[in-house]
């Protein structure tokens, strides 16, 4: 099996490496390892981007491939440990290279909307890398600062605690969790009445009244996580403000991994249970 690359793949470079890394993980086929080694630099593996999510996989790639070096002893992949460390150092306030923004309440914040996507994906990556580091008795090298795996785990825990209610609003951003959570999420199925309650057809334009209504959604979308508060920790619970009130799969999906970690490691449990 061979992965192809051409100059037309500018916007999928990270996906090519990400795919090769997972195929290597699943098959242990050396051809995928060779692909990563031969194409890593040209496909941007060393790009220092403090982001991980649906639109940029480089940080996740570096964490995944660094496992081969730390646990498998593949010395030719040592640079990926350095790349992964660099990403982690951007998140550590004590690090000289820290440059990620936090709200006054301590939530990771990146402008652009659906902020919880960054919170959940980065938390998942923090826990994953901490696990790899622990198994290989290594730390994160941030120049004059050495960061232990437990520090990464604590960083992730603080983010998930915030998401579930340990924040200035005392609000859980997961619908149905805790005593206070978003009631007016930006979600058509949640805000429109069910066919049993309203058997008549509701056309697209007819939904505007429900969209603009100040009333809570008629159907609770249990488990959905919304975009979350702004940089000032404030959340208005307004379905029209989709940047804050829309739930997405790319917010919820990485959260599943983070929560699974805490379930499997109850000693590192969340503030809220």
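Here the Cβ of each residue, glycine as well, is placed from N, Cα and C on the backbone.
What TrEMBL records for this protein:
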{"type": "DOMAIN", "residues": "12-259", "note": "domain 'Glycoside hydrolase family 9'"}
{"type": "ACT_SITE", "residues": "186", "note": "active site"}
{"type": "ACT_SITE", "residues": "237", "note": "active site"}
{"type": "ACT_SITE", "residues": "246", "note": "active site"}
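Every protein chain considered, the tally of other Cβ atoms within 10 Å of the Cβ of residue 237 (active site) stands at 18. A count of other CB atoms within 10 A of each Cβ picks out 186 as the most crowded of the active-site residues 186, 246.
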